[in-house]
Amino acid sequence: MGSAGARPALAAALLCLARLALGSPCPAVCQCPAAAPQCAPGVGLVPDGCGCCKVCAKQLNEDCSRTQPCDHTKGLECNFGASPAATNGICRAQSEGRPCEYNSKIYQNGESFQPNCKHQCTCIDGAVGCIPLCPQELSLPNLGCPSPRLVKVPGQCCEEWVCDESKDALEELEGFFSKEFGLDASEGELTRNNELIAIVKGGLKMLPVFGSEPQSRAFENPKCIVQTTSWSQCSKTCGTGISTRVTNDNPDCKLIKETRICEVRPCGQPSYASLKKGKKCTKTKKSPSPVRFTYAGCSSVKKYRPKYCGSCVDGRCCTPQQTRTVKIRFRCDDGETFTKSVMMIQSCRCNYNCPHANEAYPFYRLVNDIHKFRD
């Protein structure tokens, strides 16, 4: 009985060795280009089958081989068909990946598509992730650009910033800084204002933001007012989701969006089994045993005992109150490793203010990020 069960596994191993032997041989010494290849929007870099060089990952229905692997972060694998001697295949979605529905259309797991000219999206195991193709529209122009405005360019999809160089606009800009900050205002004083300068049509105005970062920086830019918003709510009320924030804490002082993996609670978690007598809520629960985080088919190298938010019996919802962000290394089946930011819950709170987090609305839309779509 045992020998019969081992035969399929042995045959699969021999088939894999045959494919490796017939495939392109790996060089004795790795020789890679000095510069990394430029990939299309939404396409990441992955190591080739020899573990030598970074190459652009092949996408759904594209040709693949040992030296041109598929994008495993999107649930794709190289399908060589039934021939054991095949060295080239086609990128197909793994069988366990779920399709996605977007705008009444069905997309297969791992399939990339453009819903419009400004976004590139990918279906990842039932969730849709999108990246902007017009990054200049997301960031503000330099402060030295008077009366900026976004204008349409003939023949192009993305709008571009233009500056009004008129004398009146320059005087308005100079008067703004003289009045609001004073000409001798230090960079530290500007940072403590905890305000972000927003340049809008018709002039400039101050917008409050949340959670300003400490003033000390690895880089110094005297013209940059470093500000960072709070993390958004997790895109899922159970299971793995995404949380985002906006910051200009970078050498270019450009507004960028950062993401982190989050999990408010595991799906299928018993809601009220652990409630003590007379209690209506379970705020924070710790994982009973060490677990590995999962992301895009890959698992964390180490095990953790994270805290989760509980639930209530009186209609209130429990959401994270205090969190921290840690860097966690993930490893995939092919040996590839990468690091992602992950939310760690420190405490939760329960209240009746449940926008998009009520159990009656299990998913909500998070623009330009991984989310579930629901009509």
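Yeah, the Cβs are placed from backbone N, Cα and C, and that goes for glycine too.
Source: prediction; values computed, not measured.
All chains included, 14 other C-beta atoms sit within 10 angstroms of the C-beta of CYS50 (disulfide bond). According to Swiss-Prot, the disulfide bond annotation covers CYS26-CYS50 (among others).
Marked as disulfide bond by Swiss-Prot on the basis of sequence analysis: CYS30-CYS52 (among others). If you take the C-beta of CYS30 (disulfide bond) and look for same-chain residues 6 or more apart in sequence within under 8 angstroms, you find CYS50, CYS52, CYS53.
Using a 10 Å radius centred on the Cβ of CYS53 (disulfide bond) and all shown protein chains, the other Cβ atoms total 16. Feature annotation from Swiss-Prot assigns disulfide bond to CYS32-CYS53 (among others).
In sequence order, PRO37, CYS39, ALA40, VAL43, GLY44, LEU45, VAL46 make up the list of same-chain residues 6 or more apart from CYS56 (disulfide bond) whose Cβ falls under 8 Å from its Cβ. According to Swiss-Prot, the disulfide bond annotation covers CYS39-CYS56 (among others).
Within the same chain, residues at least six positions away from CYS64 (disulfide bond) with a Cβ under 8 Å of its Cβ are LYS58, CYS70, CYS78, ASN88, GLY89, ILE90, CYS91. Annotated disulfide bond per Swiss-Prot: CYS64-CYS78 (among others), in sequence order.
As annotated by Swiss-Prot, disulfide bond applies to CYS70-CYS91 (among others), with the evidence given as sequence analysis. Look at CYS91 (disulfide bond): DSSP puts it in a strand.
Reduced to three states, the DSSP call for CYS318 (disulfide bond) is strand. The feature disulfide bond is assigned by Swiss-Prot to CYS281-CYS318 (among others).
Classification of CYS332 (disulfide bond) by DSSP places it in coil, neither helical nor stranded. Sequence-distant neighbours of CYS332 (disulfide bond) (same chain, 6+ residues apart, CB-CB distance under 8 A): HIS72, THR73, GLY297, CYS298. Taken from Swiss-Prot, the feature disulfide bond covers CYS298-CYS332 (among others), and the record attributes it to similarity to another entry.
Look at Swiss-Prot and you will find CYS309-CYS348 (among others) tagged as disulfide bond, backed by similarity to another entry. Every protein chain considered, the tally of other Cβ atoms within 10 Å of the Cβ of CYS348 (disulfide bond) stands at 23.
Spatially close to CYS312 (disulfide bond) yet at least six residues away along the chain are LYS280, CYS281, THR282, CYS318, CYS350, judged by Cβ distances under 8 angstroms. Under the heading disulfide bond, Swiss-Prot lists CYS312-CYS350 (among others).
The Cβ of CYS317 (disulfide bond) has 22 other Cβ atoms within 10 Å, all protein chains considered. Per Swiss-Prot, the feature disulfide bond maps to CYS317-CYS354 (among others); the stated evidence is similarity to another entry.
Per-residue pLDDT, averaged over the domain 'VWFC' (98-164), rounds to 79. Feature annotation from Swiss-Prot assigns domain 'VWFC' to 98-164; the stated evidence is sequence analysis.
Under the heading domain 'TSP type-1', Swiss-Prot lists 223-268, citing sequence analysis as support. Broken down with DSSP, the domain 'TSP type-1' (223-268) shows 0 helix, 16 strand, 30 coil.
Outside the region 'Heparin-binding' (274-310) by six or more residues, the chain places 72-75, 94, 124-125, 240, 261, 263-266, 316, 318-320, 328-333, 336-338, 340, 342, 344-350 with a CB less than 8 A from a CB of the stretch. The region 'Heparin-binding' annotation in Swiss-Prot covers 274-310 and rests on similarity to another entry.
Sequence annotations record features per position, and here Swiss-Prot assigns signal peptide to 1-22.
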DSSP three-state assignment (helix, strand or coil) for CYS350 (disulfide bond) | strand
Most Cβ neighbours inside 10 Å, all chains, among the disulfide-bonded residues CYS70, CYS78, CYS91, CYS350 | CYS70
Fewest neighbouring Cβ atoms within 10 Å among the disulfide-bonded residues CYS26, CYS298, CYS309, CYS318 goes to CYS26
Reported as an integer number of Å, what is the Cα distance between CYS317 (disulfide bond) and CYS309 (disulfide bond)?
-> 9
Taking the Cβ of CYS32 (disulfide bond) as reference, which residues of that chain separated by at least 6 in sequence fall under 8 Å from it?
-> CYS52, CYS53, LYS54
Can you tell me how the residues of the domain 'VWFC' (98-164) break down into helix, strand and coil by DSSP?
-> 3 helix, 29 strand, 35 coil
